[in-house]
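Participant: For reference, Swiss-Prot lists these features for the protein:
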SITE      ASN10  site 'Discriminates between blocked and unblocked aminoacyl-tRNA'
BINDING   TYR15, TYR66, ASN68, ASN114  tRNA binding site
ACT_SITE  HIS20  active site, proton acceptor
SITE      ASP93  site 'Stabilizes the basic form of H active site to accept a proton'
Amino acid sequence: MIKLIVGLGNPGAEYTATRHNAGFWLIDQLAREAGTTLRDERRFHGFYAKARLHGEEVHLLEPQTYMNRSGQSVVALAQFFKILPDQILVAHDELDLPPGTVKLKLGGGSGGHNGLKDITAHLSSQQYWRLRIGIGHPRDLIPESARAGAKPDVANFVLKPPRREEQDVIDASIERALAVMPMVVKGELDRATMQLHRN
């Protein structure tokens, strides 16, 4: 059963619309659905709300530590409420999936994502759930003929807003993720994964 849903992103208005904040977009939607408001909670180093989602009590968190220190926020809340790693779902932007794709998985490496890297270090475990929200990779924007020697600027890419057509399909993928949340919060994660990956 998932007791904590974390969305990753960077704090501040200048980052709100950037690809790296896709995790925040999901949490904002969940809070709206639950009719709750995230509030600044200093002991958890983030914006936090306790929500009732589909009959289950769930903690929602948006770390305000900047991406590469997200673990500090996650572990503070997890320890306070005695939440185990496999009861945590982390929603994050995923370079290795095209915009419009969203996938659930338990465990695994960080794939170069600094937020995941820091969470893994703070939890001393990789065994937490991830909701991977595809944002695409900057190499996909380079014509194939020019890709051979090109070095795409990933840091710049994730800190820019998606193009309009990308934003539309990312929003649609978040809607699909929201549709499986009743299963997620009830602990039916295999079923949720199958449904999400079918689409």
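FYI, residue positions are counted from 1 along the chain as it appears here.
Every residue, even glycine, has its Cβ placed from backbone N, Cα and C.
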Participant: Near ASP93 (site 'Stabilizes the basic form of H active site to accept a proton'), which residues of its own chain have a C-beta under 8 A away, given they sit six or more steps off in sequence?
Facilitator: LEU8, ARG19, HIS20, ASN21, ALA22, GLY23, HIS113, ILE133, ILE135, VAL158
Participant: Near ASN114 (tRNA binding site), how many other Cβ atoms are within 10 Å of its Cβ?
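Facilitator: ASN114 (tRNA binding site) is surrounded by 16 other Cβ atoms within 10 Å.
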Participant: In DSSP terms, helix, strand or coil for TYR15 (tRNA binding site)?
Facilitator: helix
Participant: Please list residues from the chain of ASN68 (tRNA binding site) whose Cβ is under 8 angstroms from its Cβ, counting only those at least six apart in sequence.
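Facilitator: For ASN68 (tRNA binding site), the qualifying residues are ASN114, GLY115, LYS117, ASP118.
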Participant: For the recorded tRNA site, enumerate neighbouring residues of the same chain (Cβ within 8 Å of the Cβ centroid of TYR15, TYR66, ASN68, ASN114, site residues themselves excluded), in sequence order.
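Facilitator: Output for this site, in sequence order: ASN10, HIS20, THR65, MET67, ARG69, SER70, GLY115.
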Participant: Max CA to CA distance in Å over the tRNA-binding set TYR15, TYR66, ASN68, ASN114?
Facilitator: 16
Participant: Pop the Cα-Cα gap between TYR66 (tRNA binding site) and ASN10 (site 'Discriminates between blocked and unblocked aminoacyl-tRNA') into the table, whole Å please.
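Facilitator: Cα to Cα, ASN10 (site 'Discriminates between blocked and unblocked aminoacyl-tRNA') and TYR66 (tRNA binding site) are separated by 5 Å.
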Participant: Tell me the Cβ contacts of TYR66 (tRNA binding site) under 8 Å, same chain only and six or more apart in sequence, or just say none.
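Facilitator: When sequence neighbours closer than 6 are ignored, TYR66 (tRNA binding site) has ASN10, PRO11 within Cβ distance under 8 Å.
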Participant: Please compare the recorded positions ASN10, TYR15, HIS20 by how many other CB atoms fall within 10 Å of each one's CB, and tell me which has the fewest.
Facilitator: TYR15
